[in-house]
Structure formats: C-alpha cells, structure tokens
Amino acid sequence: MAGSTAGYGQIIEYIQDKLYLASYDHTPDAKTPFPYPAEQPKSPSKRRAQASPSKKRSPVYFTVDDTLLYNSFHADFGPLHIGHLYRFAVHFHDLLAANNDRAIVFYSRTDARSRANAACLVACYMVLIQSWPPHLALAPIAQADPPYMPFRDAGYSQADFILNIQDVVYGVWKAKEQGVCGLRDFSLEEYEKFERVDMGDFNWISPHFLAFASPQHQPVAPIPRDSPEYAALPSTVSEVRSSRLPLPFKNVLEHFATRGVGLVVRLNSELYSPSYFTALGISHIDMIFEDGTCPPLPLVKKFIRMAHEMINVKHKAIAVHCKAGLGRTGCLIGAYLIYRYGFTANEVIAFMRFMRPGMVVGPQQHWLHLNQGSFREWWFEDCMKEKLAQMQPNPVTPGRSPAKHRAAAVTTPPQNGHSKRSALGEIDNNEATPIYDDNLPAPTPGQPRKSHRKDSRHHPYSRTASGSLVVDKDTRKTRRSTDSSESEEETQLRMLAKQRSSKSPAASPGQRSISYSATVTASYTLNDDIHEDRENWGGAAQPPKTPVTSKTSGAVSVSKVRSSSRRVTGESKGVRKPSGRIGSTGSPVRVKAQA
C-alpha cells in the first residue's frame, strides 16, 4: 500500500504502523505530511458518546544515505552488501525498541540510485531477517512511481546487462532457503576487516566458497619440496604470524589455515609462489585463462568436479581468486552455485554481489546467462548416474559366453573411428548412421526450405529410409509395357477392364486368393496454369463425390480424373489421390490403394 502527498513523493507502507519507506529532497521533520493511518469516516452518534480525539504522534525518520556508503568501482552504485544490511537491521531494531508507539519512516534522497538502494535494502531485510516470502517483500515496491533504477556491473564499458531489485531479493531468498547465506554465524567485524585491500581483500560467498584477490609476493616460482627453502616456509599458524610476509598475504594464509580451506584455485598469472599454501597442507591448482574473458566449458566442468569432491568427500572449503577476485572468480563460483543449488544466472550474480560487491563483469554476465542450463544439466546427469549406481546389483563374474555371442561382442571404436558425414553421401546410409553434431556445418541464416526427400530426422513417421515407391507387380509390369504416349488414367482403365474379363463364378480349388495393399508415395507438382486445377479451388460449389465400386470380385476404386496434356508423359506420376486433395510441393503424400 502506498500513499502520497503533493510535493513529497510516494510513501510506501511495509509494516502497518511500524515501518514505511519514503524519499525526500529535504530532511523531514514533525511538520512533514504523513498520510498514515488514513482517517476513517465517523458515523453519527450521540454527543455524550463522542470521545475526545487523540493526538496523532509524528513518526520517527531515519536514513542511511550518509552512513552506509557503497564503495563503487566505476559507474556501479549497488546493491548494498550484507554488512550494510546487518548494520541497517541493528539500527532499525534499536529504533523499534525505543519507539514502540510510533511509526518509523526509512527514507532516502530522491535521486534514482539512493531510492533503489533503500528499497532493495528493506526488501532484503524482510526476506533474510523477517522471513517474508519474496513476493510479499516485493509487493509494496512493485508499483513505485517512478520505477526503481536497475543495477549494473562494475566494468568500465557501457552496461548491457542489468539486475533489478527482484533479482537481488530472489537471489538472497534462494541462498537462505539452500542454507548458503544467513546471519546466525555472520561476523560483521570479520567481514568489514578482511574486505579491505590492505587486510587481504577476501569474502566468504557461501560456507564452502571464498573469493579473494591475488596475493602478491616474490618469488613466484614453486619451491621444490626437497629443498631447504621449502623447509623454511611457515607450516603452522604461529609460524605464519611470526613471518615477515606482507600483512595481506599473512592474513590470507592464517585465515585459510584456521577456517578449513582445502583447495586454492588460481585463475590469473603467477604473482606469488603456491608453495606457501602447500606448506600449510592446502592444495593449489592453476586454471588460468585471460582476464575479462569467459572460461571454456571443459575447464568449468573440471572445476565443478573438483569442488564437489572437496566439499562432499573431503569436507573442505575452496578459495578461488583471479587478479581482483571479481570477474573470473565469479564465473566459476557462480557456475557451481547454479549447478548445485539451482540459482538462475541473474539470481546468482545478484547474490554474489550481495556478498562481495563487483563480482562478474561485462560479457561474463551474458556467459552465465547463456550456460546456466548446461550447468543444471550436469547436475541432473550426475544425480542420475549416482542413482543408477546405487540400483545396480553386485557384479557377478560372468561365465564363458557362446561363440556366437563372442563373435558379436561390441568393441570400443578407435579414436575418430566414425565415418565423416560428407556433403553428398548415400541417402540411406546417412539416415541409418547416427548424426554427429561436430561434423555438421554451422547453421545458416534464413528460413528452412522444403525438400522432396523425406528426412527421418525431421519426419520420424516415414516408412522407408529413402522414400522409394512400393507398388504391386501388375503396376510395375504395366508401367514397363506402357507406351510413352499413354497417360496414367488410361493405364488404370485398361487394368480395370482386364480384371473384369477374368472374373469367374467360383474360386478354383487349385488357386488361392491373395488380398494385399500397396503403399504408394506420389509427388504432385502444381502447374503455373491455375485453370487446370479448377476442382481444387476453395470456392468449388460441389464437393468431390465418393466413387462407386463395381459389384465384382475384382473391383477397384477409381476416381474420375480429367486428362491433361501436360500430364501425358512417359514418366510415371504415381496414383492420383481419390479425395481430390493435393499435397504441397515437395511433400510426399501416401495413398493406400486396394488391389
């Protein structure tokens, strides 16, 4: 519910008589108009029953525009992170306790960025702390006028991918429902300390993933394990604290050793020696790809497999970093969160920025959006493999198989053993063998074209692979002996006369009667002369009549078809469909004729 006062903008009610959201271009005071609660019309009553009107107390106003500041990278302005939400909640609860009988108005300045951050902060508070469902948290601000400004990435290029408040709210809600985010074990002091560049620049994205910027320390080459230099590396937390390493690197090593980090994944070029991590018993692996680019899918799948094993088998956390711990780091962590918990791309980007501002930059946003389906597909495949493995009984040693089974045993094909699909190959073989997408040409623009060949990949109901005609013996014999000037209709009439002349009153005991049907595929071509198909016009007055069969043992149904000079050729055109309907050009039409 939203109220408004002239010249003061819109005031949105979140909790009746408790919390309101507003924006002012000046600091509000007791004289600022406040439309809640709305005055109810009074019913007529006796004078002695009228009570003296109670004085309505003015609400309490507070803002965080000058206290909770977003540290932007370039043109980004939000959303505010989880530390801001924690401080907002503490301050709001203090105001509620001190003003039990007064409404509280959380307001911001009237500029678009301040309004968006304030509304997003309140909606996330309702979801994460008050446990509201997302639709209820979004309902009060859904029809805000003017609408709230969407958020953008931290890159230096023009923003071409946006996130709105709904994405942030649903991302936070999904993380809470999956146990990925919560304030029960959240330490504000630790969060605000280690997010600073001079203190390590790292944040926990989830209980199993930590994102951090690359430490920088010389030398950068790995130190051999059997060398004296490796033995001198700090191997305990106390040795790390007493070492002469830079403070950010020291904080990283100490925090990782005490918080159960089991794997460090480096995505950028070498700026430190990995031996400092391995000396503490922390595995280290390089999965380097170019800054600002998107990782190849095989690398992503390898990362997901390693991370899943580290989390579920070794019960350790994973720390991922690139140069700044934002773009490339967000790609891999976001891919795993989509894979495991079913985030959408917008939700996971918004949630990661809620935990560590600036994550996922530029085209990496589109990359996550385009590949989110593949990540979920990998999860379903892995779950199905696990279920099938559990359902499979204990393996039994097989006995000696017969010779015919051994001869038909399936062997592993050689590398690239399948035949390449040529541009002009055998029709039947191309359809009988599986199609390898890697060998197909790239899709070309334009509309698909109809083809005379029935492709079993697109027409699964075709009866023969090559679309060949199947006709009876009499028809083939007649076609071979037919003169080039004889039309198809004359051939059918001559066959009918032959069958009538050969009828007998009783079946011969030495002969057997065979009834069979022939499937004929006929292709019709529409001529340019529209007057030759007058019976197929939509405005035809009379529908085609059902042909009457003769009362003989060898009856054949034949429809009356007008002869055309253009159809009198030596080439066989198949059997004309009795219904008078003509299939479109290039689309075979099957006609079932009773012989």
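Glycine too: its Cβ is placed from the backbone N, Cα and C atoms.
What Swiss-Prot says about this protein:
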- 32-57: region 'Disordered' (REGION)
- 44-57: compositional bias 'Basic residues' (COMPBIAS)
- 233-381: domain 'Tyrosine-protein phosphatase' (DOMAIN)
- Cys322: active site, phosphocysteine intermediate (ACT_SITE)
- 392-595: region 'Disordered' (REGION)
- 449-461: compositional bias 'Basic residues' (COMPBIAS)
- 471-483: compositional bias 'Basic and acidic residues' (COMPBIAS)
- 502-526: compositional bias 'Polar residues' (COMPBIAS)
So, by DSSP, how many helix, strand and coil residues make up the domain 'Tyrosine-protein phosphatase' (233-381)?
83 helix, 16 strand, 50 coil
Chain-internal residues, separated by at least six, CB under 8 A from the residue listed as 'active site, phosphocysteine intermediate':
Ala213, Ser214, Arg266, Leu267, Asn268, Asp291, Arg328, Thr329
Along the domain 'Tyrosine-protein phosphatase' (233-381), what average pLDDT does this model show?
97
